[in-house]
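So that you can see what the record holds, here are the features copied from TrEMBL:
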type	residues	note
DOMAIN	51-260	domain 'Chitin synthase chs-1/2 N-terminal putative transporter'
TRANSMEM	53-73	transmembrane segment
TRANSMEM	114-132	transmembrane segment
TRANSMEM	152-173	transmembrane segment
TRANSMEM	210-230	transmembrane segment
TRANSMEM	236-256	transmembrane segment
TRANSMEM	277-304	transmembrane segment
Amino acid sequence: MRRRELYDDELEPLVENTQTQPKYQWDLFNNVPRETISGSTIESKYIDLSVKYLKIFTVIFTMLIVLGCAVVSKASLLFMTSQIKPNITRLYCNENLDTRQQYIVIHPQEERTVWIWIIIFSYMVPELGTFIRSVRIISFKSWNYPTKLDFLILATTEILPVIGSALLVFIVFPEIDVIKAAMLTNGVCLVPGIVAMISRSTSKVRQGLCYGLDIAAIVIQASALVVWPLVENRKILYIIPIALSLISVGWWENFLSEKTPIPWVKKFAKAKKQFKTDVYFTYALITPIKCLIFLLSAVTIIWIREGDVGFLFDKFGDAFSSHSFNVTQVK
């Protein structure tokens with residue numbers, strides 16, 4: 001807001017000016033913008049409108065990119081897990097053979113080995129990026145050592161999803177079709193749903209509706225954990241609730257709130273603030289451990305189910321080189 005200027009008496013004219021002086025709105029609380037004499041305001045309107053449309057386009061484009069990458073990554077994972085079951089038999093396209101006959105091909109051990117290692121490497125590559133970023137921040141930026149409690153919380157919530165991912169990838173997904181596996185990937189939010197419900201503030205409006213929606217979300221997530229074991233009645237599928245619950249532990253931090261009436265939840269929410277400065281030191285230590293645990297989990301699962309894991313290491317070189325497929329005529 002502009003201020004009124006103070007004039008000296010010697011500057012006042014001796015003869016009073018009889019012309020009507022324009023009245024300026026000096027004492028208004030709101031400062032009325034000046035009228036622009038030039039024609040640039042017309043151009044600025046188009047510029048502002050263009051910026052709005054550009055923002056809308058950017059949001060939509062970014063959303064499509066994120067969704068597209070999510071679909072590609074999920075499809076790639078399901079394709080890889082479809083190749084690691086022992087003695088996989090596929091129909092062989094007999095275009096270059098006798099079209100009156102039907103042929104099948106059984107995947108050799110080398111083919112299965114290469115896909116198992118690709119899954120392991122696919123898990124390790126993003127973790128390697130996290131490790132490099134953590135080391136860079138530790139080397140060139142300020143950080144703090146975590147307390148024992150913070151380190152224990154982060155280590156536990158980071159390692160449990162690793163075990164759950166190994167169970168889901170190496171046990172569950174190879175035993176079900178791709179459609180069911182894709183549906184299961186949408187049921188990994190059980191723990192976040194529970195944490196969000198118990199972290200809700202009692203001072204918010206429409207608490208009954210909010211709690212009702214929270215309970216509905218938890219029930220829907222829980223149904224994904226039990227529907228396939230109950231429908232198909234296969235013992236191997238009872239690992240689904242364990243695997244999905246362990247994976248969902250990884251997102252507990254995003255749903256905690258200090259406004260919760262529950263004391264121990266509020267304590268964890270306050271401790272979460274310390275993670276911003278000491279999380280990089282923790283990740284620099286935990287990330288290699290996570291990769292090792294995922295590898296050991298994969299080896300242990302295969303050893304328990306098949307009694308032999310030597311082929312993973314004995315056929316490592318042959319798996320990543322050219323190998324043959326045996327085509328068998330069935331009709």
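Any Cβ shown, glycine's included, is placed from N, Cα and C.
Bear in mind that TrEMBL entries carry predicted annotations, made automatically and left uncurated.
Bear in mind that the values here come from a model prediction, so they are computed numbers and not experimental data.
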Checklist entry - the transmembrane segment (210-230) and the transmembrane segment (277-304): do they have three or more Cβ pairs under 8 Å, with pairs 6 or more apart in sequence? => result no
Checklist entry - Taking the transmembrane segment (236-256) as the reference, which of 53-73, 114-132, 152-173, 210-230 gives the largest number of Cβ pairs under 8 angstroms? => result 152-173
Checklist entry - Is the transmembrane segment (114-132) packed against any residues at least 6 beyond its ends, judged by a Cβ distance under 8 Å, and which are they? => result 76-77, 80-81, 83-84, 165, 169-170, 283-284, 287-288, 290-291, 294-295, 298, 302, 312, 316, 319-320
Checklist entry - Apart from its near flanks, which chain residues at least 6 from the ends of the transmembrane segment (53-73) lie with a Cβ under 8 angstroms of it? => result none
Checklist outcome for this item: Across the domain 'Chitin synthase chs-1/2 N-terminal putative transporter' (51-260) the predicted model averages a pLDDT of 85
